[in-house]
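**Q** Supplied in structure tokens, the structure appears directly below.
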Amino acid sequence: MLGGQSGSMFSEVILFFQVMYVRPYSLFHMMGIDICRWGRIGFVLFSFNLALVTAETCNCCVCSRENWIVPDGYDKNLAPFESEDKPTDVFINIDIMDIDEITEERMEYSMQFYVNEYWKDPRLNISNNLKKHFQIPKETVKLLWTPDIIFENSKGGWVYQLAVPNIIVKTHLYGYLHRFTRYNMKIACTMYLQNFPMDTQKCFLSMASLANDDSKMMLKWIHERSEEEVLEKVHDLYLANVHPLKYHVANATTSKYQFEWPIGLFTSLQANFTFARHLSSHIFNAYIPSGLVVMLSFLSFWLNVRSVPARVALGLTSLLTLSTQASQVRSHLPPINYLTAIDVWLFTCILQVFLSLIEYATVYSLYSIKVRKRRATSSKAWSDNGSRRIIGSELSVGRPETRQGKRKTEKTPTKEPMGADFEEEIQVLDRASKIVFPLGFFVFSLVYWISYLSAS
């Protein structure tokens, strides 16, 4: 029985082979068609289609394996608790890696930092008792609802892409999702420079939601979380050994406030920074050099009033030096319409040098007037004595001159020299300036530093 069935099946196979291959081959051979060539082409096409189907099947399997946390019917355009008319709490922490390029001219600063965001989405297939963190694939993240956080006072920036994009979403304890992103950003900061360079600037970084108002998403600092839920981050703001070049971070705090737009009420989180400027570089580069130039101009009071080239050159050189220094200081500041502390200092220094030139001009004018008067008096005395000599000569005509008379007649007045009394009289103003100018500059410096240092 079994042998009969086997023979029958073998006969059927032989018949199928003849029908499918032998007879068509004879037919194609009579028609002049190379069936082997077309068979090879068909085999290649069949293999290619098989590979495509296999790859697509594998991709579908991978996607289904990665998307196991996303249930059917999940809508990423809806906030997690929006269907329940409750806001989704998003807890924020910022880790600051570096702050640099605090620029007064453009009123901005640059900052590199991580933003950590924690939120819950009960619609996902994530257990609240999950104890092991795992990273969610990028393809799956695109299917999830994520907070739409923006930086309100940012001038520009980017997410780090070095090696790999620096943005990751992970599952966390208590059913939280954790997204952390590394940014490099330029942030606007309105600076008040009245006390420059002894100023303290207060800047901030402001974050808010782009489209979700407080009825859908509520931004909170991480310290506002439930005490039972202990997350990785504890502090709202963390500074990792941050040392800006021209400043030091005197204080860093967090705050939040609400503001209203036509579409609803929004919450904004702020990270506040207090930057105190380092004064040492300005002391050595501006204050000490300008003070030395002023004291150098005071040396002209010890020069003789007749040393015109020396005193004028000293005053003009000091004036030009201070003017150049003031221009250089202003070139690093924005076009503000008020005086800064260093402007007051440099203006006073320029005024001191200018007044020293005015003092010398006054002294030299008095000296010139007295010289002209003395010369006029001497010329008049010369003229009177000359007339007496002529008259005496006329009277002595016809008389023999005696030795004594000849000596008296030949004696004529000469130009009276300018003695020490004249020099002392002229230099009274110089002697007073030697005391008044340095004392005035010292008093100004004392008041200046006490006032601005106490204000800062």
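Heads up, the Cβ atoms here are built off N, Cα and C, so glycines get one too.
Per TrEMBL, the features are:
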DOMAIN    72-278  domain 'Neurotransmitter-gated ion-channel ligand-binding'
TRANSMEM  286-305  transmembrane segment
DOMAIN    287-408  domain 'Neurotransmitter-gated ion-channel transmembrane'
TRANSMEM  312-329  transmembrane segment
TRANSMEM  344-367  transmembrane segment
REGION    398-417  region 'Disordered'
TRANSMEM  435-455  transmembrane segment
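Looking at the shown structure, what environment does each listed feature sit in?
**A** Residues 195, 198, 291, 294-295, 298, 301, 341, 344-345, 348, 352, 355-356, 359 of the same chain lie 6+ residues outside the transmembrane segment (435-455) yet bring a C-beta within less than 8 angstroms of a C-beta in it.
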**Q** Within the same chain, where does the transmembrane segment (312-329) have neighbours whose Cβ lies under 8 angstroms from its own Cβ atoms, ignoring anything closer than 6 residues to its ends? I mean 6 or more beyond.
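**A** Here the qualifying positions are 286, 289-290, 293-294, 296-297, 299-300, 303, 342-343, 346-347, 349-350, 353-354, 356-357, 360.
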**Q** If you average per-residue pLDDT over the domain 'Neurotransmitter-gated ion-channel ligand-binding' (72-278), what number do you get?
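**A** Here the mean pLDDT over the domain 'Neurotransmitter-gated ion-channel ligand-binding' (72-278) amounts to 91.
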**Q** State the residues, same chain only, that lie 6 or more residues beyond the ends of the transmembrane segment (286-305) and have a CB under 8 A from a CB inside it; answer 'none' if no residue qualifies.
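**A** Same-chain contacts beyond the flanks: 197, 311, 314-315, 318, 321-322, 325, 329, 342, 345-346, 349, 352-353, 356, 359-360, 363-364, 367, 426-427, 430, 433-434, 437-438, 441, 445.
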